[in-house]
Each structure stands twice: as structure tokens, then as C-alpha cells.
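A.B. asks: Residues or ranges marked as domain 'Amine oxidase' in TrEMBL: 16-455, 534-970. Here TrEMBL flags 17, 36, 37, 239, 431 as FAD binding site. The annotation substrate binding site is assigned in TrEMBL to 347. Under the heading transmembrane segment, TrEMBL lists 1010-1031.
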């Protein structure tokens, strides 16, 4: 271990943001050290120098333009010059094989006036909506929550009329934020465009964000700052630990070196904060935020030619390409300013990039060259002289490019803590900027802001000096973009259609134009340990394999946690339930001598939504309104019907996989549900089942999740369902009893920070305390996002690296309220309740948690998803008070106001869980990344309940996944055949599963809309016939004489 170093400030990250912060502090005579994980400075700027083939090439961030005054000022100070991108000739737009040229503009025109109107209205609307959004606090916008609960694709369907315009917006989004429209929050997209100066500024070259590049490459900026810091920048120093105590901070790097400082600035992407073990850990919201903002997907490509043949063809080299036949969504001329090294630069983005990682570099080059023949209009495109590319998705210390993406719901719930200091740790990085976030300018401004926050904390400057706007660059002034009179006042396509439709001639024109649309050791274990790890270790141990389990916490159990207290005997603060078909867990419990008992459900179940109604076990709430009952029945019947299409081991192979994965649960159920009462109840159902909101989760993932748990009735029922039983003495006993069998092979407080597979003979694991372990194989049995806490060498494969950024843990508090007696049973209620309501009713659902011998009467409940994200700011007593007031209404008694004891567990603040119950797949993630979840990485295998194909997210899935991973290693060792890896557990005889069979009425009753149509039609026919008879009697109408006499 190397010697300890001391500084006043340690900056983590040697990109533009971190180095700018260090430069400012250094100039203020502050002793500063910069720790950079890579072997170079620059972060997401990377200039490759490779003479004689190329003088230099930017394979990372490169562009700068007007209004980016922080980076322009910094470049001028460091004597780094800029030059303009060539845009003196027309731009190419490719779509459906057609090639159109247009002049310098931020979107192409069309021969069809409806498309022109639709395009103009779309971008005008985006800019107008952006005006409502404060760049420093987008969550305060008047429509923030509404927009944050939508994807950009949902918005496009509401605002645009033509498929051509929607397709163009999809490409616009790919180009600007390197993600898909169905993945991103509308609020975040609107904010992102607004803080970059609007749609024209962000997308234009001339007078826009891509107007210029740096002579000699953008990485020079970082290199020249590093040179000024004179040996204060340390490379190859990945930070793995930050411990704050006694008014100081201790920083540990992967090689075991210690640094001490008064303050720290973290200047790395938010998702990479997961690579650092914090003591004390982050707040609940910060811990959940950093799991939810994945980096974009991009491969930057530069293809070199002997000459600028495109200029001879009358085009500038810039193009926009729509469609899968074109790997590059956008291209720009990348010829050097002196005319040498003619080149076309382009980006493979979002889904295209994710798919094309499966090709080799040469295959990508060939595909690009072939597509450029059409784009540039010349066969010369087939004959490049050199090719460069950079796949930013595989970079472990970037995670992707250009920037972090906010999925639906994330910005309003979490973004406000993005810049909040964590005691003495301050946060920089381009993602924390409020202007040109995602660009080099945002990196520079955020670094300066963080440095000034520390100067303020030191008492050297006042609060009003923290935020300083850089003056406008005189050399690169920003000319205002002004919409023409036509752009401001032209109607939307819909308005134009309504106007034209007044006349017959106009209607004919509309029909013609609309016709062009298609609209409307031997083995070593890494674990933040739960059953998944210990069950697999037990399996291998029994097979005679030498095994060690490394656990990050000071206990085993992971997301099972049983607190023992004489007042209440014991209480499960984590996972606790087990039921029929959970055969792995039931077999393990029996083997270990852990008994189960049934959760009380003898009396009625309560459904409360302001009105109290009762229903029986295994039923669903019934309403007085038959339309609502039909709607509820149709919803659950449809969910099971859709789920039946989905293979539990490969949901991405389902017939409608892509369609369902590109919509949220809310979008799917909006197509099914037609009543507000069912919509409210379903919101409770989904938050209770998966601890996430309907607007956050992929519909495919939710349908799969329900299906692999046995369907809607099995997963949600108590009797004969997932919550039928608990363990006498608590669920953590299972982990504890396995650990006792493994004895000293289980080592606690050993967070793993590094896995090195570079040796052919053995794997080397490093823990936070600097210990080294060697093994032939490794099983990681931790939640997928926590794989980011481990520094892999070599790095994880591209898709795996992006997957683990995209599957955050759920949001939940578990709360148990204790009483003198179980008053609910005396009132004919079993303690189970389904509660629809806002924050005045924190619980989504409750159960009786009284011990099996009748002692310690209690109600257990769960505060989930958005409710707990809001209520986590309250203190424990405040939450308890609101809960008891709610229970008094639900159970209709003031006895609920007088608890004798209260327990709660906030799983969101658990650094080595990240949340509970399990991960959530946002839209688009399962089809693109799900298939690599269980794929081994060389000699590293993956377990954990999230990798299970039955009861994933439950203790049963944890055990089955652990045993499956163990058998994968036994197969790799040659001890079992491949067909023995996947094994179905026989049904448990003591807890048999009774099939859930829908009644005849549940099967055949119509949906609410069909029922309404039937009633409407029969009513219409009945009224019509009656009216005819009345008129006939009054001799105002006469039936045909032979109407009733036909044989």
C-alpha cells in the first residue's frame, strides 16, 4: 500500500469539469489533487493522435458554438483556437431511399404543405413549452409532473399529425440525446432543449451548438489545465471509497492508496457514483437518483477519403439520415481546417448503436461506406483510406455518451438532489449544469460552480458569488434565432385541414395530401448477501467445491432482515412472505428446519378509496356500479391473456415484445381501462406489486413479471398466493443457518471493489479494505445496478455495461404498527387492506402481522413508489402519525390512533440494496438488453433474484437463481452436463398450489365498452320498435301487410 497524501480538496474525475474546478481552486491558492480513473485526462473528450495516418481526430466531445461562453473563455485563456465547420453548400436529408437537399436550416422541407405545417408546429410547440421551464429547477414548471409522466413519443403522438414528422422527431432525439423517444421523459427533453437555447440553437451547425471545433483537438483543454496543475493530477486512480468523519474526508483508490482532504468534488457522471462506496451512504433520494439516469448510446465514427468528393458534388458533407439502412443518423464534414485529411464524421446512435455492437469494426465500416454512397451520391464513398471509431458504451468510466438521460418520472422526483452536497462532498460534471448540460460548456460551468461552493464553505466568497455567468464571447457571438412571421402564425396541420375542409375543393386537397401519410478459489462469491448467494454457496459446498462468500454488510441476509427485540420478539423488516409454487424456498426452509405459518385472512379484506367495502379471500374489490366491475374483470383477464404469450425465460421473444416494451404500463392500461375507479385501483395494484409507478415501467416487463409469478391472482393473493405464509422466527434465519453451515467461509464487511480477469490462470478480487482473493470462478449475487460498484478488468461487454445503468431498484418503506389487541378482527376484518388514496393514506396495502400464537398484534404495510419518494422527507414520528390516522379511517376505529410500538425500514437508503423489492425495467430496456442479464462474462457468473425466471423479485427466485449459477460453474468444471443446469423444483407437498380457475362469468362477461355498446344498441332498437308501434296505433305509420305473415 502506498503512502497517504493530504490536500485541502480532492477532485474525482480528470475531465473538463473536474480540471476546471481544480484550476479555479489552484488559482485561489487552495491545495488540490485530481484523481483520474483512466490513463489520460479529458473524460469524454478524447483526441487521438496517429500520424502519419491522421494528425489528430476527436473521437469524443468536439463541438462548440455561440452562447457556450464558459468553454470559449477557457479555450481562449489556454490558447486553443477554434475553426468553423464547413456548411457552405446544401445539406442532405435521406428518408425511405429518397435524397433531398436543403439549405442551412434545422429541419428539412417537404413538397407536402401539411408536413411543413406539422413540422413547423411541432418545433414551435417544443420551444413554447420550454419557455415554462426554469433551467435551474425544471421540476417547478407549471406542468412539470404532467410532462414528466410522459415519454417524448407519447407527446409526439398528441402533437403531430403525420408519420413523417414523428419519424423526423425520433431522429432529432437520437441525434441530440442519443436515446429513443420512448425511453426519455418529455419534461427532461423539453428542459434539455431549452437550456441549450431552443430547437434551432441545439440542432444547427452555423450559429448553433456544432458551429466550431478546436484546432488540434478538444482534449488539449484538459491537457493544458493538467499541465498548469504541475503534478497534482494522478492517473489510473479509480476511487472506490469515500469516508467522512471528524470534519474530514478519506478517499480510497482501487490500488489501496489513501488520500485525505477537507472537501471533495465529484466530477463524474451521476450513474458512476455507484462505483464509489460512501460512508455515510447517500440519502434515499440521491441513492435512487444515481440508479435512474443512464448514459446515452453512441459510437462515433470518422471515415477518411483521398479527396472531398462530396464538395465537388455540391454538398457540404452534412446529412440527416432516417431509417435502419443508414448506420449514421447525422454526418458532418470533418476535414481539417487547412483542407487536409478529407473525412466524414458521423454518429451511430441509440438502438442502432446497441444493435451494431454485435458487428465487428470492419463490418461497421463497410456498412457505413455503403450507406454513404447514397448519402454523398458517389461510389467513391466505397473506398475509404482510413477509419476511426469509438464505442463509448463500453467505456467503464464514461458508461456512454453524450450525457445522462432521465426516464419518465425521474426529474420531478429526484433531480432536485442532483447538485445537493453530501456533507463535504460537492457535485460537478456536465449533467449538473443548467446551461449546455451535456456539452463541454456545461462541464466547464459546473466545475467552476462546484469550486465556488467550496470557496463559500471555506468562507472565502459570499453566496451570491457561487453562480457566475460567463460574459458573451466577442469572437463567437450568438446571433438570435427569430421565427419568421409565417413560422409564428402558420396554423398547425390539423388547423389547416379544418380550414380547407370547409369547401369541397379544400376537402379534395386534404384527401390527396393525407393519402401521402401513414399516420394517425475454486469458486468465490461476491454478495450483498441474500439467499441467492448463500444458497448457491451451499450448493457448491455440498458438491465438494471450495467456496468463500464475501458480504459487504455486517450481516448476512441481504434484503431479508429480521430485527429481534424483546418488546415484539422479532419482526421482518425486509422480505418475509412465501406461498404455493415457491418450491425452491419451501424446500430450503424445510431442509434448514425453518417453519412457516399462515397469514391471517379468516375475516374480510378491506378495499378503501374513501368508501369502505369488503371482499373475500382471492377476490377482487366489487363496486356498486356494474360498469366498473366489468372494467376490473376485463383488465385482469386481459393482463393474464397478454402474459400467456410471454416466455418466462425469454420475454424478448414474445410475439408483441417490441410493441409492449416501447410503451409504459400506463399507456397499455389506458387502452384497456375505461373507468376512473379501476384506474385508481390499478395504480395501487402496480405500486404494491412492483414498487414503481405505471408511467415508469415497461409494459412488457410488467406483463412478464406478473406471468412468471403465476398470474394476477397468484401474485396478489394472500391465501393460495404469494403472501400466504411467513417464517416462524423471521426470514433472515434461512441465510443465517446456511452461513452457519459454511462457517468461516462467509466473510462480512468485505465490499468487493475490483474483479481482474486479465490472468489466464486465476481471477483476482479486491475488497474495499485492500484484501485480495483469488479464485477460478466468481458468482456475483447482487442487484444488477450494484455491479457498477465493482471495477471490472477487462470491462464488462457493451450491452451489459449499459443494462446495469438502466434497471433501478424499486422504492419502498416497510412499516409495522403494534397495538394492545387486534381490534380489526373484532370488527370482522382480517387486517388485509387495499388502499387507494393520496399521501394521507401512505400504505398501498396492509396485512395482519400478529405472531402465530396471537401475541404482538400488528399491522404491516408498505409505502411504495411516488408516495414514499415524497414522504421520505418526513421524520419517523410524522410518518407514524399519518399512518395511524389513515388506519383509523380504513378500519373505522380510533383504536388505530393508539399504537404501542412502531418499526420501519427505508430500503431506498440502503447502499448495498439500492431499494426493494426488485429492479424495474423502463421502456425499451427488456428487448434491447434483457438477454444479456444472465450471460456469463468469461469466468464471472450472475445470480440474484433478478436473474430468475420464476418468482423473480422474491426469495424463491433468489434461491433458484443461486442454484442455477452454481450448476453453471459445475458444468464449466465438467462435473455435470449442460442439460442439468436448468432444473425444475418439484411441488412442495406441505404447501400445494391450488389452481386459480376463472369462473364462467369472469371468462365470458364483456368488457365495459362492449357492454355499453350492447346496451346502447338494444336500447336504440327497443325504443325504435316501440315508437313504430305507437305511431302505428295512432295510424301515423303502417307496417307492411305481409310483415307478420311470411312463412
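In case you wondered, yes, glycine gets a Cβ from its N, Cα and C as well.
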A.B. asks: Distance check, please: Cα of residue 239 (FAD binding site) against Cα of residue 347 (substrate binding site), rounded to an integer number of angstrom.
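C.D. replies: Between the Cα atoms of residue 239 (FAD binding site) and residue 347 (substrate binding site), the distance comes to 31 Å.
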A.B. asks: Report, in whole Å, the straight Cα-to-Cα distance of the residue listed as 'substrate binding site' from residue 37 (FAD binding site).
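C.D. replies: About 26 Å separates the two Cα atoms.
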A.B. asks: Which Cβ among the binding-site residues (36, 431) has the fewest C-beta neighbours inside 10 Å?
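C.D. replies: Among the binding-site residues 36, 431, the sparsest Cβ neighbourhood within 10 Å belongs to 431.
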A.B. asks: Looking only at 37, 239, which of these binding-site residues has the biggest number of Cβ atoms within 10 Å around its Cβ?
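C.D. replies: Checking each of 37, 239, the winner is 239.
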A.B. asks: Residue 431 (FAD binding site) to the residue listed as 'substrate binding site': how many Å between their Cα atoms?
C.D. replies: 21
A.B. asks: How long is the line from the C-alpha of residue 347 (substrate binding site) to the C-alpha of residue 36 (FAD binding site), rounded to the nearest angstrom?
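C.D. replies: Here the two Cα atoms lie 27 Å apart.
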A.B. asks: For residue 17 (FAD binding site), what is the secondary structure by DSSP, using just helix, strand and coil?
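C.D. replies: DSSP call for residue 17 (FAD binding site): helix.
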A.B. asks: Where's the emptiest Cβ shell within 10 Å among the binding-site residues 17, 347?
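C.D. replies: Ranked by other Cβ atoms within 10 Å, the binding-site residues 17, 347 bottom out at 347.
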A.B. asks: What does DSSP say about residue 431 (FAD binding site): helix, strand or coil?
C.D. replies: helix
